[in-house]
Amino acid sequence: MTALKNDRFLRALLKQPVDVTPVWMMRQAGRYLPEYRASRANAGDFMSLCMNPEFACEVTLQPLDRYPQLDAAILFSDILTIPDAMGQGLYFETGEGPRFKKVVSTLADIEALPIPDPHKDLGYVMDAVSTIRRELNGRVPLIGFSGSPWTLATYMVEGGSSKDFRKSKAMLYDNPQAMHLLLDKLAQSVTAYLNGQIRAGAQAVQIFDSWGGSLSAAAYQEFSLAYMRKIVSGLIREHDGRKVPVILFTKGGGLWLESIADAGADSLGLDWTCDIGEARRRVGSKVSLQGNMDPTVLYANPQAIRSEVARILASYGKGSGHVFNLGHGITPEVKPEHAGAFLEAVHELSAQYHE
């Protein structure tokens, strides 16, 4: 494979020296970009965009073509590809978000679920990874990703997104045996899926635990973190002669950073409710940190965006081990020039911390 021209993202994840703080944005290929909206219209719908490797490659590269400051590309896909490959029948309803034709509600439902083969059942994702990696031609590293077992389980049990996770939590407390079996199957599936992405060309991987923060402290340890730890222990950590860093991101996980840092990953994603300086004092000796600007700051004027970037950089302080990002995904209404101001500010203002 082509040698990397810009590896500062991978270096920062491993706390190796960098010239400036690297930056990328969760959902950087998304609806805030007019070129993305045009591609989505051409594809017909969101799933057609995900399932066609050429379209997935096109939209993955769009933010990089617009913003030369981006230090990483992230595979354009959806976290719900795994449940779909298990036969749940994923579809999207306008204004409703993701839905499943089948809902998991009993132990028998869970026992019947297959563990998808990443190459046979999710080959379109592997093809997208290899296509994107080829087209990147060493420009920046490519991030692969998956949802966490707990997060995927909530969608499968609820039948879609949820505000209170009533059905998922009822199963967790009322029928923990069933929930553990579901989470175990998902952990096996995620491990195989991420290893497939790494073999196809992903140079780092992130596990999105979007709904881990909805759990109590005890339930988080048992039903979310334990399964992410299992996945991390089964991942390929070196490929093509280079380490493959692993990032864990639990939204709402700021209370549990110490235990997340013990899970074996290289880096922790932080949402915007954490102070990054405090997080560094708590776990910075073990892991690098990724984050953590509130994405709604991007609605503000460029000077306000710049001030918030400066504040977060100062809070983290000197040295490597910080990948700048948002604390969650960029939202569709953000002006593209505001995202550009954010990315420019990170590189410009961070050089002083790496002298």
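Keep in mind that glycine also has a Cβ here, set from the backbone N, Cα and C atoms.
What you are looking at is a predicted structure, and each value in this text was computed from that prediction instead of being measured.
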Pick from Ser210, Ser214, Ser267, Ser285: which one does Swiss-Prot list with Arg27, Gln28, Ala29, Gly30, Arg31, Asp78, Tyr155, His328 for the same substrate site?
Ser210
Counting other C-beta atoms within 10 angstroms, the emptiest spot among the binding-site residues Arg27, Arg31, His328 is Arg31
Would you mind ranking the recorded positions Ala29, Asp78, Tyr155 by how many other Cβ atoms sit within 10 Å of each Cβ and giving me the lowest?
Asp78
Can you tell me whether DSSP puts Tyr155 (substrate binding site) in helix, strand or coil?
helix
